[in-house]
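Visitor: Submitted below is the structure of interest, expressed as structure tokens.
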Amino acid sequence: MESLLIGSFQKPSLLLSSPITAELCSPPIGVRAGGQVLKCKGSSNTGRIYALSMNLQVERRNLLQLHVKSIGERIVTCNPKRGSRQIANSASGHSLESEPAKSPWRSVQHAFDAFYRFSRPHTVIGTALSIISVSLLAVQKLSDFSPLFFTGVLEAIVAALLMNIYIVGLNQLSDIEIDKVNKPYLPLASGEYSVTTGVAIVSSFAILSFWLGYVVGSWPLFWALSVSFLLGTAYSVNLPLLRWKRFAVIAAMCILSVRAVIVQIAFYLHIQTYVFRRPAVFTKPVIFATAFMSFFSVVIALFKDIPDIAGDKIYGIQSFSVRLGQERVFWICISLLEMAYAVALLVGATTSCIWSKWITVIGHTLLGLLLWDRAKSIDLKSKASITSFYMFIWKLFYAEYLLIPLVR
């Protein structure tokens with residue numbers, strides 16, 4: 001770059017170094033720099049020469065600016081993100097090749113933002129809330145809230161979140177080309193992460209998850225991690241007989257198995273049998289949570305593909321949205337959730353605990369009405385509107401896990 005820059009300025013420097021130019025560019029004797037004549041012999045000729053020299057200097061400056069601009073445009077063509085900053089440097093006298101280093105704080109912010117998007121935070125929040133909620137179902141008396149209980153819950157959350165990031169990360173590694181169409185903001189699709197970086201992250205998180213599960217020594221926890229790992233891998237990885245996400249029914253069963261069955265039963269047993277050392281007894285709230293979340297997991301499995309229909313069509317993913325159409329799948333999801341809320345109302349109405357009855361009935365009534373009101377205003381032709389509604393579904397998912405511990 002430096003040689004290019006120097007070469008670009010060779011012609012102007014030759015022009016300025018010629019004897020005639022040097023003579024013309026020198027101010028005439030008796031003339032100030034400001035152009036006012038003090039004493040001048042042969043003022044007519046001398047004035048013309050001096051005026052010519054001034055014009056040459058102006059042309060020289062214009063020529064230099066044109067060269068700098070030309071080089072700057074070539075830099076922008078090669079590297080649009082850095083070009084403007086490099087041009088500014090050149091104008092201030094710095095080398096065009098040098099660039100001010102980003103502050104460490106900005107680098108940390110950028111790295112955090114990329115990892116935040118890579119981790120799919122709505123799934124992270126859902127996993128953490130579900131484990132806390134299900135763990136509370138094992139609490140029978142106030143004294144159960146002991147350091148042992150909180151330690152057991154924390155161990156389960158950390159191990160599950162590590163596995164969660166492995167699963168969503170592996171899915172992104174397998175869907176880079178699809179995500180360039182459906183989710184171009186994800187780090188692998190946008191190029192912020194290389195494939196090597198993605199592989200390193202998912203591998204290390206899977207290893208850490210299994211290591212923690214092994215160290216804790218809870219068999220329900222370890223089996224939950226193992227089954228989640230196997231189903232998550234089979235769902236995404238592009239190997240013979242795998243990549244089950246291509247098949248709508250199998251893909252939905254994978255999500256249902258993890259979100260509805262494994263989370264409710266395995267993490268409940270982790271607290272019930274490993275932390276509290278009690279026999280495995282499946283209570284009414286546990287059965288309700290498993291049944292209700294079966295509906296919800298199917299809805300999430302169906303709805304998540306509605307905004308991604310464009311990329312799925314291009315790459316041959318036969319989701320229900322591709323096969324049945326976005327509008328039909330949308331209203332199937334709404335119907336399933338409203339059915340789940342109706343069942344929850346019946347469960348709440350039949351309980352003998354008064355405070356649980358009121359909270360369950362009122363809570364699920366409000367959520368059902370909120371869902372119906374929001375569903376009527378959606379624009380199914382707008383991907384932004386569909387994506388916003390999908391995140392609303394996740395908020396209902398979070399709200400349900402706040403109600404589940406209150407079911408008695």
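Numbering starts at 1 and runs along the chain as displayed.
Note: Cβ is positioned from N, Cα and C throughout, glycine not excepted.
A TrEMBL annotation is a machine prediction, not a hand-curated record.
Annotation source TrEMBL lists transmembrane segment at 148-170, 191-214, 220-241, 248-269, 281-303, 329-349, 355-372, 384-404.
Just tell me what is around each of these and how deep it sits.
Guide: Sequence-distant contacts of the transmembrane segment (148-170) (same chain, at least 6 residues past either end, Cβ-Cβ under 8 Å): 118-120, 123-124, 127-128, 131-132, 135, 139, 198, 201-202, 205-206, 208-209, 212-213, 216, 218, 221, 224-225, 228-229, 232-233, 235-237, 267, 270-271, 274-276.
If one looks beyond the transmembrane segment (220-241) by at least 6 residues along the same chain, the residues whose Cβ comes under 8 Å of a Cβ in the stretch are 155-156, 159-160, 163, 166-167, 170-171, 173-175, 206, 209-210, 213-214, 251, 254, 257-258, 262-263, 266-267, 269-270, 273-274.
Residues 130, 133-134, 137, 251-252, 254-256, 258-261, 263-265, 268, 272, 320-321, 329-330, 332-333, 336-337, 339-340, 343-344, 347, 389-390, 393-394, 396-397, 400, 404-405, 407-408 of the same chain sit 6 or more residues outside the transmembrane segment (281-303) yet have a Cβ under 8 Å from a Cβ within it.
If one looks beyond the transmembrane segment (329-349) by at least 6 residues along the same chain, the residues whose Cβ comes under 8 Å of a Cβ in the stretch are 288, 291-292, 295-296, 298-299, 302-303, 305-306, 320-321, 356-357, 359-361, 364-365, 367-368, 371-372, 375, 378, 380, 386, 393, 396, 403, 407.
Under 8 Å from some Cβ of the transmembrane segment (384-404) lie the Cβ atoms of residues 122, 125-126, 129-130, 132-134, 137, 285, 288-289, 292-293, 296, 299-300, 303-304, 306-307, 326, 330, 333, 337, 344, 359-360, 363-364, 367, 370-371, 374-375, 378, all in the same chain and six or more residues away from its ends.
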Visitor: Who are the long-range neighbours of the transmembrane segment (355-372) in its own chain, taking Cβ under 8 Å and residues 6 or more past its ends?
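Guide: Tertiary neighbours of the transmembrane segment (355-372) are 334, 337-338, 341-342, 344-345, 347-349, 396, 399-400, 403, 406-408.
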Visitor: Residue list, the transmembrane segment (191-214) vs rest of chain: Cβ under 8 Å, 6 or more residues beyond ends.
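Guide: For the transmembrane segment (191-214), the far contacts come to 114, 118, 155, 158-160, 162-163, 165-166, 169-170, 172-173, 176, 221-222, 225-226, 229.
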